Amino acid sequence: MVNTPTKRQGIPIALAVLGLIMVIAGLLFATVLRPDPTVTAQAERPDTPYETTVAGLLGLVDTKVTVHAEAPGQPIVLALGRDADAHAWIGELPNTQLTGLSSWKAIASTKHNGEMPEADPEEFLADQFDKTLAQSDMWLDVKTGKNSLSWDITTDGSGVVLLAATNGVDPAPKISLTWQRDTSSAWIIALTVIGIILLLLGLVPYLALQRRRKEDARSEETRVRRRHTLQKFSGLKSPFGKDATSKSEQVSEKGEDAASDTQKSAKEEARQQRVSMLERQARPATEERTEITTTIGGKTHVLPSRRAMREARARGEAEVSLGGQTFATGLIPVIPRPDDAEAEKKGEGK
């Protein structure tokens, strides 16, 4: 038989499952799925002499970015300026624009074809950077180098872009951008702690409910076993048949007689105790006084004692006189019944 969860079980189970999922998610984000604090995205080296970034790309992950340019055996020039100034300087020249991140490791780019003017053989030197680009006063800052060049830039989010080139004729350098990403684990800790709390809130009532159900099941099993045992014993027949039945009846009758005798003896004992008490009361007690002297309102009065009152009642006297005063003994007068009076008259007539 499959036990389906009831409503009382469903809520703890749901809390426990939700808490377990949150705990697992917190552990995964803290270990396997924990993001790398450093993000480095690279772009393929273009085949155009100039390369620019769109506004906002440099500050896409963080306001601080490290630009790394590579052009083996060639000069490199990097110019930092406003987006409008970079577009004005490039004009119709062929260029490649870095538009954003296609992934956390790759930079997407768009190629723009244009007309490239012929270079003056007397002025062009393949091993020198583009002096026209480097010496322009349109830029906020300029960096030059050879083979490779790194530049730490802090953007203010106001449309700053980067313009890169080599000698102005050969392809622009390969660009990579590196940011430091915020990987604080405060939210991971909060997620894990909340998950543990929900897990406990679900498990504790569920386990308590399961324990109570097991105890109830054991109690029910004990009751059923006891009932079966009683039924088994009640169904047994006496091996002695009628003789056993008659003997049990005789034993029952003897028990009843013994109980009746016990009651009679108890009544007789109580009667004897009352007679003994009356006899003790009727005995003369020499140590008791017959008079009691007391003072009330400055006058001395003589009163009969309890002994004198008992003796007077025993003699059948309703009053007792002492010191010229009469005191009632408390005797209850006996009124003869009509039958007793007629019997006395008949006795006198005889």
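Any Cβ shown, glycine's included, is placed from N, Cα and C.
TrEMBL: automatically predicted annotations, no manual curation.
Per TrEMBL, these features apply:
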- 244-257: compositional bias 'Basic and acidic residues' (COMPBIAS)
- 280-291: compositional bias 'Basic and acidic residues' (COMPBIAS)
- 308-318: compositional bias 'Basic and acidic residues' (COMPBIAS)
- 337-350: compositional bias 'Basic and acidic residues' (COMPBIAS)
- 235-350: region 'Disordered' (REGION)
- 12-33: transmembrane segment (TRANSMEM)
- 186-209: transmembrane segment (TRANSMEM)
Sequence-distant residues near the transmembrane segment (186-209) by C-beta distance (under 8 Å, 6 or more away from its ends) are 8-9, 11-27, 29-30
In DSSP terms, the compositional bias 'Basic and acidic residues' (308-318) comprises 7 helix, 0 strand, 4 coil
